[in-house]
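Now, the feature entries from Swiss-Prot:
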DISULFID  Cys189-Cys438  disulfide bond
ACT_SITE  Cys427  active site
ACT_SITE  Glu429  active site
Amino acid sequence: MAEKENVHPQVISSFPTPSKALKLSEKSSLKDVQTDNAAVPLVVDETSYPEPTCEFYGGLLGPQLPEAERFVLDPALVEEYRHKKPPFGFNGLGEVVYLRTYAREKDNGQSEVWLDTVQRVVTGTFEVLQHHVVNKLHCHWDAQKAKERSEDMFRRIFEMKFLPPGRGLWAMGSPICRKKGFAAALNNCAFVSTATLEKDRVGPFLFLMDASMLGVGVGFDNAGAGSFTVPGPDDTQPTYKFMIPDKREGWVESLKRLLKAHFCHTADVEFDYSKIREMGTKLKTFGGTSSGPGPLINLHKSIRKILVGEKGKPISVTCITDIMNLIGVCTVAGNIRRSAEIAFGEADCKEFLDLKSYETNPHRVEYGWASNNSIFAKVGMDYSDACERVRTNGEPGFAWLSNMQAFSRMNGKPDYRDQRVLGGNPCLEQSLESMELCCLVETFPDKHETLEDFKRTLYSALLYAKTVTLLPLHWRESNEIMLRNRRIGCSVSGIAQFITNRGLHELKTWLEEGYDILHQYDCQISEWLCIRQSIKLTSVKPSGTISLVAGATPGVHYPESCYYTRRLRMARDSPLLERLIKAGYHVEPCCVAPDVTAIVEFPVAAGNSIRTTRDITMWEQLSLAAFMQRYWADNQVSATITFDPETEGLHLNQALQYFQYQLKGISFLPRYPMGAFKQMPYEAITKEQYEEAIRKVKEDVSLSSANAIAETVEENQQTFCDNDRCIKL
């Protein structure tokens, strides 16, 4: 990847690569810098990162249209909704999650309110559509149809009948996309295979870091293990020093130089971190503050230590996963760049299965948590060894690659549409080729009175997701795949609520008719935009913060309790805290980091009649996942099955024997008593406790008038992986 011709100013391959010690880019210069040992040549990279040639979407969509012709959302529509109350969910929890996670800072320094965010997202979507039709296709733009479609999308997002992914709420129509051209920021997740390591020894690692620093969750495999012997740096050449530019590309370039030294037997490299801005410096485009050079320094030290020990050995499963996990730790530590990882390994590889055994691999305690680990299960295999491990800590998960390649929906009719698929994203709701990204969008069937209204929502949801596929990325290999596949993940959430209110059979009807109409819409939209129809359209994402905003149960998951306390972690200096206290919510210092983090408690009522995870067996949860895989998801269903280790753990092997023919992927989580640990994200309470807590909440206190965006504080305890690390830039 890194050696190919540049296709975009931001692409990795625009970096100069030293052949011998000191082959520099044309305008770079050499200086002697004294180190502890001797004078080391310094590579000063001053010209490798040109800015986009056009401020409008980084020049990706062509020149900006004349002002009189540009798409503008009807001001009358915006005014109509200005004083309408957004339907945030769960007694203020949804609004706080929105303000904390997705509301951007406006030019006047104030935080967006929901109306502002919806206006920005819809405007950004139709800007992309207009420029695709006018600039790329040179076709007629029907302003009246655009007005009708944009207004429908606006209403359905405002009313939370569907929502773009958290990344879309944060980035669509923002400077991240409009000025910088970082289209990857609108895509949720990706996958990269290491099978190419013999030919390209650094590319998969660079892709994962570059994508992670844009907030894209990345899955990876260990197919490249054993493909080459780690030679170590070339000691016959002098070590040189590289001054790291204060940009995302600079961080990735530093990793490239370090890995090339050890994997390709080139000159060793030392790093100068002096250009990286100090910790706490405000990040204007991406939001948040700089982490400083600390996480990158730790990454370099940790990887160097591992690779020195691997010299002369074939690259191993452990080495590949260690490097990927350390990159994940670095990007999570990088303040606002949150991301997630999943590692895939072979079912019979004991080395892979032992990666989360910290008795066997004590050195991995500090970073092994950075990925969920899943095995590529084979239909008909013996699951007993893996299931014993699942009983202990919930891993590994299971991915049936043969089912992913052979089936769309698991309805007994293989179509082999996706034979190039090699893995999936961190939550495993998307089948993906290597270096393929995906865009997800979330609908809420239970927020619709009629099936016909739900079908109309599906049009707007698909139009948003399809629009994201129009924006090329800065990876050539990814563009080649994504232009061919146009893969979409149109998801449904609040399934437990729908079943409770209308029944499973009604859900089956909505899913089947919704799936059929989506394919009709895809044909219409693809024809209008002169692009290919999507290879697959539907998924069930695990959801998380997005479902909290809308007040929906996440994906296919049932709530932990009818009444519970939901705790959020927030920065102690967040401007939201004062208003939350004034509004009557309980706030206390975090027991782990009391000086920097506060805990806010929200009383939540999931509903008297809804069943909870305590009422539903492991077998019923698996059956619901299989039901959704049969009637809705042609990609995959992301489901975490909770189970009682004592009463149900012994049945895991038998359960997988039955459901291996009905699923593409599944993960498990041992069930522990809620409240077993202090300040857990969820804690069951009684109806009386809920009513007492809710009486203290003052509805007349506005939370959205805080004048700045609250810092996001990561929640490692989140059950489902669609949390801050996965979806927030």
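For all residues, glycine too, the Cβ spot is worked out from N, Cα and C.
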Glu429 (active site) to Cys189 (disulfide bond) - Cα separation in whole Å: 10
Whole-number Å value for how far Cys189 (disulfide bond) lies from Cys427 (active site) (Cα to Cα): 9
Sparsest-packed among the recorded positions, when each Cβ's other Cβ atoms within 10 Å are tallied, from Cys189, Cys427, Cys438: Cys438
Number of Cβ atoms other than its own within 10 Å, given for Glu429 (active site): 29
